[in-house]
Amino acid sequence: MTAQILDGKAAAAQIKSELTTRVAALREQGTVPGLGTLLVGSDPGSTWYVAGKHRDCAEVGIESIRVDLPAEVTQEEIEAAVRRLNDDPTCTGYIVQLPLPAGIDTNRVLELVDPEKDADGLHPTNLGRLVLRTSEPITSSLPCTPAGIIDLVERNGISLAGKHVVVVGRGTTVGRSIGLLLTRKAVNATVTLTHTGTRDLPALLRSADVIVAAAGVPGIVRAQDVAPGAVVIDVGVSRTTDPETGRSRVVGDVEPAAAEVAGWISPNPGGVGPMTRAMLLANVVDTAERLAAAAR
Ligand SMILES: Nc1nc2c(c(=O)[nH]1)N[C@@H](CN(C=O)c1ccc(C(=O)N[C@@H](CCC(=O)O)C(=O)O)cc1)CN2
């Protein structure tokens with residue numbers, strides 16, 4: 001391994017410590033931040049991620065509100081749960097855990113979320129603010145994984161200004177939304193968004209200063225396609241069974257041998273995942289601070 005590590009666990013711990021101080025100050029002023037989660041069904045991955053969000057809240061002093069619905073629930077019942085969270089004054093921000101079960105219109109559910117309570121930063125109004133306000137500060141929640149990636153890179157002293165970032169995958173939570181953040185004036189990167197219709201991905205990857213791999217395809221970024229010294233961020237989460245131990249483990253989108261070529265690489269696990277969780281808490285605290293300021 002020659003690449004330096006972008007340690008998401010360490011950065012997230014630092015962010016959480018800063019947030020703990022900010023939450024204590026809010027509580028002293030009488031504002032109690034509360035994060036809600038809406039989980040539909042019992043997918044083990046989603047159940048684990050939601051439990052992690054509540055553990056994180058307890059760690060920094062944020063109250064948590066948990067709504068769990070069975071997988072057989074109807075679209076209308078999910079929408080009613082969203083409306084209840086919109087109306088709950090103890091819930092200052094919340095998320096709808098994705099993916100929702102097959103047959104549910106996810107976009108309709110997400111559009112019902114009150115944009116001011118959208119802790120994931122994925123509501124069309126909040127994504128739209130990123131489209132319209134490219135040079136002003138943003139005063140609404142930012143998409144957690146993209147914000148976490150940028151924070152992790154910049155925190156390690158790497159400037160993204162003028163860099164060519166090749167993003168692999170066009171999903172809403174990462175691929176599509178990270179371009180909106182990277183091309184803001186404050187960051188100033190140049191972005192190529194690649195997807196299943198892209199011709200000659202290897203050639204584009206070789207031209208990248210920074211690669212963000214978020215396709216969910218193990219090994220789609222091969223070591224031979226990484227330019228020497230490039231920054232490589234692995235967002236892929238695929239589960240596989242280790243043939244030696246028989247245990248399930250997470251594999252990313254980047255071939256492990258890429259660490260011999262890259263200048264910087266995010267481990268997976270331990271890179272982007274912990275940053276996603278930290279940014280969710282940051283969105284909740286930012287929102288609570290805005291609420292407290294408006295009430296003064
Ligand atoms: N409403 C949302 N749904 C989903 C999101 C999201 O940001 N908002 N992202 C993913 C799941 N996710 C959070 O919800 C998430 C995934 C992974 C991690 C994480 O810390 N991963 C660890 C490894 C965990 C493992 O071993 O399985 C790591 O990278 O170190 C945090 C959050 C889809 N749904």
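Placed from the backbone N, Cα and C atoms, the Cβ positions cover glycine too.
Counting every protein chain shown, the Cβ of G169 (NADP(+) binding site) has 23 other Cβ atoms within 10 Å. According to DSSP, G169 (NADP(+) binding site) is assigned to coil rather than to any helix or strand. Annotated NADP(+) binding site per TrEMBL: G169, R170, G171, V237, in sequence order.
Among the features that TrEMBL reports, domain 'Tetrahydrofolate dehydrogenase/cyclohydrolase catalytic' is placed at 6-120. In terms of DSSP secondary structure, the domain 'Tetrahydrofolate dehydrogenase/cyclohydrolase catalytic' (6-120) contains 61 helix, 19 strand, 35 coil.
According to TrEMBL, the feature domain 'Tetrahydrofolate dehydrogenase/cyclohydrolase NAD(P)-binding' maps to 143-290.
Averaged across the domain 'Tetrahydrofolate dehydrogenase/cyclohydrolase NAD(P)-binding' (143-290), pLDDT in this predicted model comes to 97.
The number of other CB atoms found within 10 A of the CB of G171 (NADP(+) binding site), across every protein chain shown, is 15. Residues G169, R170, G171, V237 are the ones the record ties to NADP(+), and the longest Cα gap between any two of them is 15 Å.
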